[in-house]
Amino acid sequence: MYASREDIGYDFGDDSKVGSKPVKPNPNIDGGWAWMIVFSSFLVHILIMGSQMALGVLNMEWLEEFNQSRGLTAWVSSLSMGITLIVGPFIGLFISMCGCRLTAIIGGILNALGWILSAYASSVHYLFLTFGVTAGIGSGMVYLPAVVMVGQYFHKRRALAQGLSTTGTGFGAFLMTALLKYLCTEFGWRNAMFIQGAISLNLCVCGALMRPLSPKDLSEKSVVRSSSEDNQAKALSHSTETIKSNGVLGDEPEKKEEATAEEVLESVQHVEIGGNSGSGRNMYGLRMLKTVSQLTLTVRKGFALWYSSYFGAASLFTNRVFVAFIIWALFAYSSFVIPFIHLPEIVKQYNLSRQDNVFPLTSIIAIVHIFGKVILGIISDLPCISTWNVFLMANFTLVTCILTLPLMQTYVGLAVVCALIGFSSGYFSLMPVVTEDLVGTKHLANAYGIIICANGISALFGPPFAGWIYDITQKYDFSFYIAGLLYMVGIIFLLLQPCIQKKQPRQKPTEEAQV
């Protein structure tokens, strides 16, 4: 239709070159433990994203308890949802230094702590800090690793795997809504949050399941990817060589740092062997020095990768398609969140509360959203189908539904549009796949962190903006029209950039660079 995955691919050189020797793929890639990673990510989406979509239950309790305005109280939920996504780039730094497993475990503890401390809230402002900030940061520390690990473990079935794992959002919306309603009715909202905090500790178990792949496994995956995408490798060979020859992704500084650190560690080990007759205090000091040296090396390598991805010569922002992807993300997520927030009020204005109580429109979105993620994932994994084209078609369908929704004033009409919104928004499962195609596996954590950060900004300011438009016009129509038009601007950016990149002639390496 437009540009295929190969046309928009932007390789940062993380895929290793294919040698003449065949490499046996790791059985845990696209199978084996990879499905445990999907299961772990599925549970993370239930406990984090599902809980956030069920915060309306607690919002009503907070309104009654603290007697504050609806706008001020709503910021508690908006902060939690927004910060979960906004902290993505900084969580990428943690992943670079500590790995996905440790980052997710720490995040699970922080998220549970936020829920438990919120049970003792004395004001809405207290909830801003404990639930909005503390639980939000903890959620972000678990959410990003859950997405990144699925991308690392899958190659052939990436879209399907991401689709299956992210269906936890829809299941979680049902489960957590019912659970929080029951807990609030039986034990009160404070005890409900305390119990939910204890349940959230299961995020630590999900993090423990995120067994990291060894560098050898990742290189094998890169070889498999490269061998299956020969055309892309040939098309990008000149540009990749140019980048490497100019030092954009040169590994020499990193290798020098590693060599220096290894020399220090070897000298420490040599002293340990030769100094067995020394005092125990000196040996303890040497071991401490060795530990500090290893930790320093890990931190320096992680920070160097994180810094180069954002600000260095190999910055992700040098990829114009990726920059357009960020602009799209700034407008896209609010178009999905706004219906969840404002549909109940629209139903009330149209006197459709009786039908909506039987089968809520938001439930229709959530149910069909589950099927949309799985079906779009299966379609994208077909050999003859481009993930990029499926992603664009789903976006076109969603923006059309957003612009059409205000025109529907019957329950049946709203239900049909909501079903289409739920299905087309299933493209969320394709976002990690598209991101990985643009920047490669090595930069996936940092790149996807930027994308979900843009989504977080959209989620943070989108619903309040829609409410502000309603206060001025006394209608929600203009809120959907403006959100839809901004969404369309983001889609146009995506359409233009591949065309520009395809038209650009690839520069050959200069003689000076080759030398």
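Positions of Cβ are set from backbone N, Cα and C atoms, glycine also.
Heads up, TrEMBL stuff is auto-annotated, nobody curated it.
Listed features, source TrEMBL:
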COMPBIAS  220-232  compositional bias 'Basic and acidic residues'
DOMAIN    37-502  domain 'Major facilitator superfamily (MFS) profile'
REGION    220-240  region 'Disordered'
TRANSMEM  33-55  transmembrane segment
TRANSMEM  75-95  transmembrane segment
TRANSMEM  102-120  transmembrane segment
TRANSMEM  126-148  transmembrane segment
TRANSMEM  321-341  transmembrane segment
TRANSMEM  361-379  transmembrane segment
TRANSMEM  386-405  transmembrane segment
TRANSMEM  411-434  transmembrane segment
TRANSMEM  446-466  transmembrane segment
TRANSMEM  478-496  transmembrane segment
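In this chain, the transmembrane segment (446-466) lies close to the transmembrane segment (126-148): three or more C-beta pairs between them fall below 8 angstroms, excluding pairs fewer than 6 positions apart.
The transmembrane segment (411-434) and the transmembrane segment (33-55) are not in contact, since fewer than 3 Cβ pairs between them lie under 8 Å (pairs 6 or more apart in sequence).
Sequence-distant contacts of the transmembrane segment (361-379) (same chain, at least 6 residues past either end, Cβ-Cβ under 8 Å): 53, 159-164, 166-167, 169-171, 173-174, 339-340, 343-344, 347, 385, 390, 394, 414-415, 418-419, 421-430. For the domain 'Major facilitator superfamily (MFS) profile' (37-502), the model's average pLDDT works out to 77. Long-range contacts of the transmembrane segment (321-341) within the same chain, counting only residues at least 6 positions beyond its ends with a Cβ under 8 Å from a Cβ of the stretch, are 8, 10, 53, 81, 85, 362, 365, 395, 398-399, 402, 405, 418, 421, 425, 428, 434-435, 438-439, 447, 450-452, 454-459, 461-463, 465-466, 479-480, 483-484, 486-487, 489-491, 493-494, 496-498, 501. Residues 1-5, 8, 159, 328, 332, 335-336, 339, 372, 376, 379-380, 414, 417-418, 420-421, 423-427, 430-431, 433-434, 437, 480-481, 483-485, 487-488, 491, 494-495, 498 of the same chain, all 6+ positions outside the transmembrane segment (386-405), place their C-beta atoms under 8 angstroms from a C-beta of that stretch.
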